[in-house]
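These notes are about the structure you will find just below.
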Amino acid sequence: MDFWSALEYGAWGLSIVLIGWMLVDARFVSTTYGEDFLLSSREGDE
Amino acid sequence: MGTAATAGQQEKISLLKVLGPVHVWALGVGIVLVGEYMGWNFSVAKGGAYGSLIACWVIGLLYTCVAMIDSEVTSTVAAAGGQYTQAKHIIGPLMAFNVGLYLVMAYTMLEAADALVVGDLLKAVAAQYGADLDPRPFVVLTIAFLAWLNYRGVFMTLTVNFVITAFAFIAILVLFFNASGLVDGQSVLLHRDLLVDLPYGWIGVLASLQFGMWYYLGIEGTCQAAEEVRSAGRSIPMGTMGGMMTLLIAASLTWYICTGIIPWEYLGQATTPLYDAARLMGSVELEVMLFIGTMFAAIASANGCINDASRAWFSMSRDRYMPHWFGAVHPRYRTPYRSILFLIPIAVSFAFTGLLDQVITFSILSGLLGYTFMSFNIVRFRRLWPLGSIERGYVHPYHPIPCIVLGVLCSATYFATYLGYGTSLLSIMAFYILVSIWFVVRRYPFVKRGEQFTMPWPRPKGY
């Protein structure tokens, strides 16, 4: 495997890690906090 | 954690107010500066070098009007969603839905185009070493990394944007000082030989207006930060008008450098004109600097687009114009994390079509529809809430001249777009009409009408 192929695989891998991290974190947040709290932001609130 | 909790009330969460004028500048200029590195030069193909300069200044006037009007309304309607929120308060729900969709489409498509540019630049580098690089993993990585950055917090996101945008702007200044001879006394610019009369007459100048928008497209995105700035009345006007001044300088210098080095017939077809100008100067240092500048400009633009598209989608969801589930705020990072996540596959899908010019055209047209809205929005805003009736962070001067100029220039640009991309123009109009029907028939019943109007304003004049 040459340098450029390794770079392509590395980019795919890093993308999967980053997106996976966000999905896992989002799932964790949804299970830890109630929906009422997560959706409690109101326009104009300080 | 900064959430507002008081006895007897449900604990609430909100976006974090941490941004200052510098971040607003970084958001606006960051989205736009890639247009100086590529795209603006297609206006040269339409109207010649002088035609492009006229487009640069005429469209600069259009965007100055946009920045003035936006600064006044946003400093008063200080909420995420920007023009969507303005439309909701000043015009009505259907206009707000359309404006919100213009914003999401314009920024997501621009983000996809920026990511495509990053992939293509890396492919070009690999080609110089004889390799055939697949740009797709780098397109996905660009979108994934910037989405991750946005997910983790707005302060770091826009601080990074400030650094890389400042580098990209300084690279243009350095190229100008070197090309014009201000550094070593030897100018390499050949305007006297390269500048010719208008090759296609005034109709060519008119046609070039469409691509003149590349010099400034996206500066109005600064108002998406309104809910996250410490002082909207100070930061939004300072960041937006400062950004507009930066772009006018960058646009004029870019035109001056490129038209003095590259003949207009070639310049009109170049993919990366500033980088090409640096290469033609024969300096490796300048070539490297402008390559990094091009890369940084594309990344900063994608980064700002993720910020803006997610805020627009978040605001629409918060009002139930879209599913309410997307209106969640992350309890630790205080970002609209579900909206950021949701827009990742949309941006990747647009990017994987590979149709850079079509994606950009749809982005420009969505932006243009938004500017048209601003021209009559400010008239209604001043009529319903005259000066003195509500507190404004900033009052733009010479009203109604800016909104009249904006309306006229938008009409001219529609005509210019029709000349080159008539089918795209009609397609996007049809798309927005269809989704408007869907909104009225299917979606609006879910909207809690009484909760939409959140500004502590008096009853509008005449009501």
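The chain as shown is numbered from 1 upward.
Just so it is clear, glycine is given a Cβ too, placed from its N, Cα and C backbone atoms.
For B:18-38, B:50-69, B:90-110, B:135-151, B:158-179, B:199-217, B:238-257, B:288-314, B:335-353, B:359-379, B:400-419, B:425-441, the entry in TrEMBL reads transmembrane segment.
Remote same-chain residues near the transmembrane segment (B:50-69) are listed as 40-41, 43-44, 195, 197-200, 204-205, 208-209, 211-213, 215-216, 219-220, 240-241, 243-244, 247-248, 251-252, 255, 259, 371, 374-375, 377-378, 396-397, 402-403, 405-406, 409-410, 412-413 (criterion: CB distance under 8 Å, separation of at least six residues from the stretch ends). Long-range contacts of the transmembrane segment (B:335-353) within its own chain (CB-CB distance under 8 A, at least 6 residues past either end) are made by residues 15, 80, 104, 108-109, 111-113, 115-116, 119, 136, 139-140, 143-144, 147, 150-154, 306, 309-311, 313-314, 317, 325-329, 359.
Ranking B:18-38, B:238-257, B:359-379, B:400-419 by CB pairs under 8 A with the transmembrane segment (B:425-441) puts B:359-379 at the top. Only sequence-distant pairs (6 or more apart) were considered; of these, at least three Cβ pairs between the transmembrane segment (B:238-257) and the transmembrane segment (B:199-217) are under 8 A, so the stretches are in contact.
By the count of Cβ pairs under 8 Å, the stretch nearest in packing to the transmembrane segment (B:90-110) among B:135-151, B:158-179, B:199-217, B:288-314, B:400-419 is B:288-314. The stretch from B:18-38, B:135-151, B:199-217, B:400-419 with the most CB pairs below 8 A to the transmembrane segment (B:359-379) is B:400-419.
Contacts between the transmembrane segment (B:199-217) and the transmembrane segment (B:18-38): present, as 3 or more C-beta pairs lie under 8 angstroms, all at sequence separation of six or more.
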